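The structure appears right after this line, and notes come after that.
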Amino acid sequence: MAEKGMDLNRFILEEERKHPSASGSLSLALMAIESAAKIIASHVRMAGLADVLGQAGKVNVQGEEVQKLDELSNTVMLQHLLDSGQFYALASEELNEPVYSHKGKDARYVIAFDPLDGSSNIDVNVSIGTIFSIHRRIGDGIENFLQEGYKQVAAGYIIYGSSVMFVLTTGNGVNGFTYDPAVGMFLLSHPDIKIPEKGKIYSINEANAHKWTDEGLVRYIDKLKEEGYTSRYIGSMVADVHRTLIKGGMFGYPADRKNKSGKLRLLYEAAPMAYIIKQAGGKSTTGKMDILDVKPEDIHQRVPVFIGSRKEIDQLLEFIS
């Protein structure tokens, strides 16, 4: 196990040394994400003073109002990842189609990302974050992004909260790095994170319960209440999942009568978070199958999401159809 205090770049290089045939490309790719995260963190911290709060006056491909900080974060991610030359193509939640990199025309990897998850909470200073998912390149077109989640080679998120934390998996466990602004580095603060086998917190927007399409889910939530569970729901997936990862329990965003396929995006949110949770010892499901087994049909596909501790997800599956 890596020692606390190790900086993220050194950690990435140490992991690379465990694989003698590694080219170093994935290491450079992750370092590019780290650089972008530092800049986004700086913008988030100064948002109230730099006129980047509020809406940008546009609607994205998801049909959502684009926040100014959304747009800025997307630009930062695109600039750093394209400039790195380590990605053949990039898919952003904010863009209709993937962006193909001239510098990365021979690159081995593709990346899907949500530049700023939870952006509707920006104006009220709630924790928000960046989510990313990396796959091996398997072709020249859209098929690169239509791979099952279990084929990810790396996934992670950066949460911008009371501190900035970079949570990463490369398929060998999960580690968390806290940003130290005094030295300008992410330092290992949470080595080998394991989600508790069982928690006492559930995270779901019960205000939508009257719209849920599965009565079993209502019974399941009632069962958790009977067992003394606490409800905690922020409305920022990064923040809610981060708490679930550390404390255990269940995070859910089900389908409802308005969003019959769910609301969260498979590529940019569901699959990377499910991969992280699995690497930490947890489970995920759409209610019908493991999220990591879903083969995307579209880069903006949505799915119902339930992720968390094994105990809670196993119990959930006993209730829902």
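Keep in mind that glycine also has a Cβ here, set from the backbone N, Cα and C atoms.
Per Swiss-Prot, the candidate among Glu93, Glu143, Glu148 that belongs to the Mg(2+) 1 site alongside Asp114, Leu116 is Glu93. Swiss-Prot annotates Asp117, Gly118, Ser119, Ser120, Tyr233, Lys263 as substrate-binding residues; of Asn74, Asn172, Asn205, the candidate listed for that same site is Asn205.
Take the Mg(2+) 2 site that Swiss-Prot assigns to Asp114, Asp117: the candidate from Glu3, Glu269, Glu297, Glu312 listed for it is Glu269. Among the binding-site residues Asn205, Tyr233, Lys263, none has a Cα sitting within 10 Å of the Cα of Asp117 (Mg(2+) 2 binding site). Note: the Cα of Glu269 (Mg(2+) 2 binding site) and the Cα of Asp114 (Mg(2+) 1 binding site) are spaced 7 Å from each other.
The secondary structure of Ser119 (substrate binding site), as reduced to three states from DSSP, is helical. All protein chains considered, the CB of Asn205 (substrate binding site) has 15 other CB atoms within 10 Å. Closest to Leu116 (Mg(2+) 1 binding site) by Cα-Cα distance, out of the binding-site residues Asn205, Tyr233, Lys263, is Lys263.
Ranking the binding-site residues Glu93, Glu269 by other CB atoms within 10 A of the CB puts Glu93 at the bottom.
Using the Cβ center of Asp114, Asp117, Glu269 for Mg(2+) 2, the list of other same-chain residues with Cβ within 8 Å runs, in sequence order, Glu93, Phe113, Gly118, Gly129, Thr130, Ile131, Tyr157, Met237, Val238, Leu264, Arg265, Tyr268.
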